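Some notes on the structure that comes next.
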Amino acid sequence: MNVREDDDTKTEADRPAGNSRTLTLTVCSAAIGGTFQYGYNLSIINAPTNHIQRFINDTYWERWGTGLDTSQVTLLWTVIVSAFSLGGLTGALLAGPMAVRCGRKNSLLLNNSFLFLGAVLALTSRAARSVEMIILARLLVGVNAGVSMNVQPMYFGESAPKHLRGAVAFSSAVFTAFGIFLGQVVGLTELLGTEPLWPYLLASNALPGLLQLLTLPWFPESPRYLLMDRGNKEACARALGRFRSGADFSLEMEEMLQEQADAGGATAKSQTPWDLFSNRSLHPQLRTVMAASSAMMLCGNDSIYFYASYIFQAAGIPVKKVQYVSIGTGACEFTAAVVCNLLVERVGRRMLLSGGYALMAVWALVFTLALTLQGYSVPGMPYLSMVCVFCYILSFGMGPAGVTGILPAEIFDQTARPAAYMVAGSLMWINLLIVGMAFPFIVSYLDALCFIPFCCVCVAASLFVGLTLPETKGRTLAEITAEFDRRNPLKKGPEKQGPEPMKEQYQLGKALSLTTVDPEPLSHLLDPEPLSLTALDPGPLSLTA
């Protein structure tokens with residue numbers, strides 16, 4: 001049954017027919033309130049740095065009659081910035097249970113409650129003269145980002161047809177990059193980046209969330225969730241009918257039923273992270289996901305944004321114009337993500353991921369050389385540093401930025417997928433927090449050599465991915481699992497992916513019902529319905545000459 005149809009030899013006639021309008025609109029609706037928020041909220045905190053630090057000092061003076069020194073203000077600012085990562089870690093841990101109990105789509109809708117509460121706190125914090133409200137607002141926004149970064153790729157990977165699975169899932173990275181870019185634009189001094197308007201800047205993330213609330217309820221739930229978690233075959237068929245818009249999905253339904261049978265049938269239980277670690281048959285997949293997720297945050301892409309302002313000023317760009325040039329970094333990552341979205345189904349996941357890290361390692365070495373020579377006043381080095389900044393970001397956007405989020409959806413089955421995303425998401429947020437806190441000390445001790453550790457991470461990630469990750473493009477789960485088995489011949493015995501039933505685990509098919517199933521006949525829904533829609537920045541850093 002699991003006969004692989006080589007994607008490279010498919011003709012256009014072999015592709016499923018039908019209008020993909022519903023799938024496209026679903027992607028836009030889910031992502032604008034999902035991973036877009038992650039990029040947007042990373043970006044908007046940079047512009048009001050000085051304004052918020054002044055607000056911290058003024059508030060402390062009003063309360064206690066004395067001001068704070070620079071180190072104390074910086075410490076409180078670091079707490080505000082770090083709250084986003086701590087919230088993201090919390091959201092990553094919540095994402096798995098939410099996805100199982102509430103469904104993929106409803107989890108994204110419920111996730112907006114964290115966002116709206118955070119927006120209200122940010123908007124009213126200055127009037128209340130409360131720094132604590134800003135910290136709590138960033139924590140809640142981080143929870144929102146943590147949930148969406150895990151649930152949205154899961155939703156996309158389970159809703160897209162096999163030949164578009166990578167491109168649809170990669171759109172999460174496109175919207176993240178778009179969020180970073182738009183956040184930089186909105187944070188300009190001509191817009192919301194001024195002292196009187198910084199509370200509105202921090203609360204502006206509520207608008208994309210509202211847009212998602214108005215549009216996403218009109219689109220279907222994940223077909224795989226409806227069939228394999230809820231056991232509702234008719235609802236799954238209706239969802240597939242709308243997503244495929246008249247194309248024959250009988251073979252796709254058979255593959256899902258076969259995957260369900262392989263996982264233990266309709267009575268299979270959703271696995272927990274502990275189940276993944278205790279199941280030796282899943283260790284190769286788990287190692288791959290853990291390594292890729294950790295490398296994504298340890299590779300230094302976020303840290304290179306810290307150098308942008310210094311490098312642009314050293315190249316002779318006036319201080320007042322640096323904010324406009326910095327927008328180019330966001331536009332660069334967005335462009336790379338769009339291009340990679342078009343290439344991911346042609347080139348494949350492994351090549352983009354391994355090749356992206358290899359290019360980043362090269363540019364990290366060149367960047368280190370340029371920074372070293374720049375300290376000796378060698379002519380032209382500031383301009384070479386600028387080139388390295390953009391090339392490093394381009395290399396990251398062309399592979400690691402998007403492919404990393406696809407992997408758990410493609411190499412784990414339905415029962416293990418939520419737990420896999422919990423593990424991957426937790427590692428991403430933990431490593432983001434570690435890099436954000438450690439990078440100033442790395443700069444202090446290594447100076448111009450501060451990107452050597454990131455270069456080592458990129459080299460190790462490129463080699464590990466190239467040696468351990470099988471190509472997943474156009475393959476079924478059974479084929480991918482067989483390839484992992486072939487690459488790991490010492491793996492003992494065929495172990496069943498589903499664990500023994502546990503009383504406290506999520507029980508599939510008996511989850512909290514928040515998804516409304518349309519009672520209309522199946523044939524009525526087979527026709528498409530007309531539907532009318534970085535980083536932890538503790539402040540600018542400079543190199544010691």
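Cβ from N, Cα, C; glycine included.
A TrEMBL annotation is a machine prediction, not a hand-curated record.
Sequence annotations record features per position, and here TrEMBL assigns domain 'Major facilitator superfamily (MFS) profile' to 27-473.
Per TrEMBL, the feature transmembrane segment maps to 75-96 (among others).
Long-range contacts of the transmembrane segment (108-128) within the same chain, counting only residues at least 6 positions beyond its ends with a Cβ under 8 Å from a Cβ of the stretch, are 30, 33-34, 37, 55, 91, 98, 102, 134, 136-141, 143-144, 147-148, 151-152, 155, 198-200, 202-203, 205-206, 209-210, 212-213, 216-217, 514. Sequence annotations record features per position, and here TrEMBL assigns transmembrane segment to 108-128 (among others).
Annotation source TrEMBL lists transmembrane segment at 134-155 (among others).
Summarising the annotation, TrEMBL assigns transmembrane segment to 167-186 (among others).
Per TrEMBL, the feature transmembrane segment maps to 198-219 (among others). Outside the transmembrane segment (198-219), and at least 6 residues removed from its termini, the chain residues within Cβ reach (under 8 Å) are 22, 25-26, 29-30, 32-34, 36-37, 40-41, 44-45, 47-48, 51-52, 55, 105, 108-109, 112, 115-116, 118-120, 122-126, 134, 137, 141, 144, 186-187, 192, 242, 531, 533.
According to TrEMBL, the feature transmembrane segment maps to 289-312 (among others).
The feature transmembrane segment is assigned by TrEMBL to 324-344 (among others).
Long-range contacts of the transmembrane segment (356-377) within its own chain (CB-CB distance under 8 A, at least 6 residues past either end) are made by residues 295, 299-301, 304, 314, 384-385, 388-389, 391-392, 395-396, 398-400, 403, 447-449, 451-452, 454-455, 458-459, 461-462, 465, 543, 545. Annotation source TrEMBL lists transmembrane segment at 356-377 (among others).
Annotation comment: TrEMBL describes 383-407 (among others) as transmembrane segment.
Under the heading transmembrane segment, TrEMBL lists 419-439 (among others).
The annotation transmembrane segment is assigned in TrEMBL to 445-467 (among others). Sequence-remote contacts of a segment are chain residues at least 6 beyond its ends whose Cβ falls under 8 Å from one of its Cβ atoms, and for the transmembrane segment (445-467) they are 288, 291-292, 295, 298-300, 303-304, 350, 353-355, 357-358, 360-361, 364-365, 367-368, 371-372, 374-375, 400, 439, 543-544.
According to TrEMBL, the feature region 'Disordered' maps to 520-545.
Long-range contacts of the transmembrane segment (167-186) within the same chain: residues 23, 27, 31-32, 34-44, 46-47, 149, 152-153, 156-157, 159-160, 192-193, 201, 204, 323, 326-327, 329-331, 333-334, 336-338, 340-342, 344-345, 397, 401-403, 405-406, 409, 534, each at least 6 residues beyond the stretch ends and with a Cβ under 8 Å from a Cβ of the stretch.
In terms of C-beta pairs under 8 Å, the stretch of 75-96, 134-155, 324-344, 419-439 lying closest in packing to the transmembrane segment (383-407) is 324-344.
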